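Scroll down for the structure; my scribbles are underneath it.
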Amino acid sequence: MQDKTVSSSKAFDNLKKVGKSKGFSAFTAALLAILLGLIFGYLIMRIASPANSFLGFQMLLIGGFKRIGDVFYFATPILMTGLAVGFAFKMGLFNIGASGQYTMGMFFALYVGFMWKLPDSIHWIVCILAGMVGGMLWGLIPGIFKAFLNVNEVITSIMFNYIGMYLVDMLIQGNAAMYISSKTRTAYLPASAQLPTLGIPHSSVNISIILAITLALILFIVLNKTTFGYELKATGFNKFASAYAGMNDKRNIILTLVIAGAMAGLGGAFAILAPSTIAGSSMTYEPVSVIAANGFNGIAVALLGNSNPIGIIFSAVFISHIQRGGTLASLYGYKPEIIDVVIAVIIYFSAFAMLMNSTVANLIKKRYSKKQSAKLPSADSKEGA
Amino acid sequence: MDTFYYLIQNTLPVAIPLLLVALGGMFSERSGVINIALEGIMLVGAFFGCLFVYFVQSTSLDAQGILLLGMLVAAGAGFLYSLLLSLAAVTMKADQTITGTALNMLIPAAILLFSKMFFNSDGITTNKNFYIKEVPLLSEVPVLGKLFFQNTYITVYIGIFLLVLSAIVFYKTKFGLRLRACGEHPHAADSVGINVYFMRYAGVSLSGILGGIGGFFYAVGVMNGNTNGHTGVAGFGFLALAVMIFGQWKPFKILLAALFFAFLRTVAYSIALIPFLDALNINQTYYKMLPYLATMVVLAFTSKKSRAPKAEGIPYDKGLR
């Protein structure tokens, strides 16, 4: 009897070690936030139309498996914007401007795709790089404002979301080669500018998902194995201490936001350069003066992934998965906006999920230790007898 | 001269939402909580205000009476929504910016969902006319009558009244003094017996009330009583934050800043009526970008000597002294 309690308490100790590690608590916190978000979504579905709510919710959860290719196609841009937000988070900067950087990246990629005549083999690569430059530019500006003029990056990047959106819509509408006014959309890109597809039928999934995952891995290495990554995280923990230690915070702020912008810009390029499911056509952009939602979804992705590039890969796929499920839930009469509501609720809870998490963990621990202390005397009494 | 009158008459209904929301932001930030959720709070106010108008517009109620009641509804809705922010940011000590962003994302999606389900549209369209052609007697006054009492909305006078009220509460009451103390040095405030959590709840709630009213006034004065989930309040909540920073977290400076931004926006949308700007033949989109660009320029010059509340953005923790 005693042996059993000893071994179980050992197992409990091991469990406690895992439970105390930072990565694990971030993971459970994310799960808790997701769970609460999904419960909220289900409640809304119950209220909206009780009869179909179970089937609809089921579709929301597992519908994505029926469209695996699409899940990965739609995961690519939010994986990139998620990296854009998460990377800046590591330095304590809130890059809410991923939308504007994304839009600029998309525009630069489109521009090179339509206006530059290049050999087929490198055209799409140049398009991607152009998108990256576009995003970097829109990341550089808030960086300069923050580093040299002490303007809060949140306000700057929000303003540049609007400026970028109006600018891109105007430039596209004014360009006859890119814009078909009768369709109010951009024309199809030439085939040489489109990304090579992965060949999964009925989906637009293409090589960019592989590039995106590679980039996430590179960022992981940069953050954990380089001096720059160390300085960046140190500045995020305590900017005064790191400045005192001689780190060049102005340079680091600008560099971080430029890299973040590059990621979001690549996201825009990846999204727009994809071939669509109809042969010969490609994705198109409709200038409607609305800020790109993928930038904001990137915030959700980054938070769920705890700003860790590896975590962001998984959270991007998850968010894309429930988005596809939400689209399919419209078969049961639910509007796809329900997913946006669920995502917003997930972000809200993940903002204090860590705290909730430790409260729950403490409760369980208390319960467990109570049980244990209740057990121990009984074991002793048995031995005595 | 007529163009000038026209511009002023159109600037005021745009300036009032900015003014009220920026005042709300001031209350919240001076108590120590960054309120980036103002955009969402405005949209909540606009939506519930318009929903109320939608349901009562066919009754025999007077238009201005409906507007006043709608204002109360909007204030209540904004107050309730802002509680979500205080709950997370004050009680749960969560990151204030992230929580605010979540609240900003939630409401447009919820409005689209709700409106598509029940109205089969992207928002709410009302047909009540809140416009005041001229105020009796006062509109006869030379110059001033034309500027302030013709072709206007009652929202302008309510807005000015709320500005004066806010300034009195902020500077002349015990409550205002305590609120400001919590934003500068919460531990000192706590040590003399002020309940920091309560004051922060109060600050955020005031911003919810003012933000909700501001949102409804935006829907009335700028969108003709309509609201929708796609365009929302077109970044006015964020512009209001910029107005607040430009106004250095002080009520009357905020008024001037709000007038400045509103004037720029009005000019941007009425290029065709201003002969010398129209003659330049510049794409109108440039003018639409103007308020945002102006924000950046203004912030670039004012942020260096910013008078931001010292403790803003930091969750208050009694244990840390």
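Backbone N, Cα and C atoms are what each Cβ position is placed from, and that goes for glycine too.
Look at TrEMBL and you will find B:6-24 (among others) tagged as transmembrane segment. Here the transmembrane segment (B:6-24) has Cβ contacts under 8 Å with residues 35, 38, 41-42, 147-148, 150-153, 155-156, 158-159, 162-163, 166, 206-211, 213-215, 217-218, 220-222, 233, 236-237, 239-241, 243-244, 247, 251, 254-255, 257-259, 261-263, 265-267, 270, 273-274 of the same chain, all six or more residues outside its ends.
Sequence annotations record features per position, and here TrEMBL assigns transmembrane segment to B:36-56 (among others).
Sequence annotations record features per position, and here TrEMBL assigns transmembrane segment to B:68-90 (among others).
Residues annotated as transmembrane segment in TrEMBL: B:102-119 (among others). Beyond its flanks by at least six residues, the transmembrane segment (B:102-119) meets 36-37, 39-41, 43-44, 47, 81, 84-85, 227-230, 232, 237 of its own chain at Cβ-Cβ distances under 8 Å.
Among the features that TrEMBL reports, transmembrane segment is placed at B:152-171 (among others). For the transmembrane segment (B:152-171), the residues of the chain that approach it from at least six positions outside its boundaries are 9, 12-13, 15-17, 19-20, 23, 26-27, 30, 64, 67-68, 71, 130-132, 135, 179-180, 210, 213, 217, 220-221, 251-252, 255, judged by C-beta separation under 8 angstroms.
For B:201-223 (among others), the entry in TrEMBL reads transmembrane segment. Outside the transmembrane segment (B:201-223) by six or more residues, the chain places 13-14, 16-21, 23-25, 27-33, 35, 38, 41-50, 67, 70-71, 73-83, 85-86, 89-90, 130, 153, 155, 158-159, 162, 166, 175, 179, 182-183, 233, 236-237, 240 with a CB less than 8 A from a CB of the stretch.
Under 8 Å from some Cβ of the transmembrane segment (B:229-247) lie the Cβ atoms of residues 17-19, 21-22, 24-26, 29, 35-43, 46, 104, 107-112, 115, 122-123, 211, 214-215, 218-219, 253-258, 260-261, 291-292, 295, 298-299, 302-303, 306, 308, all in the same chain and six or more residues away from its ends. The feature transmembrane segment is assigned by TrEMBL to B:229-247 (among others).
The transmembrane segment annotation in TrEMBL covers B:254-274 (among others). Within its own chain, the transmembrane segment (B:254-274) has Cβ neighbours under 8 Å at 3, 6-7, 10-12, 14-16, 18-19, 22-23, 26, 163, 239-240, 242-244, 246-247, 284, 287-288, 290-291, 294-295, counting only residues six or more beyond its boundaries.
Summarising the annotation, TrEMBL assigns transmembrane segment to B:286-302 (among others). The list of residues near the transmembrane segment (B:286-302) in space but at least 6 beyond its ends in sequence, with Cβ under 8 angstroms from a Cβ of it, reads 235, 239, 242, 245-246, 248, 260-261, 264-265, 267-269, 271.
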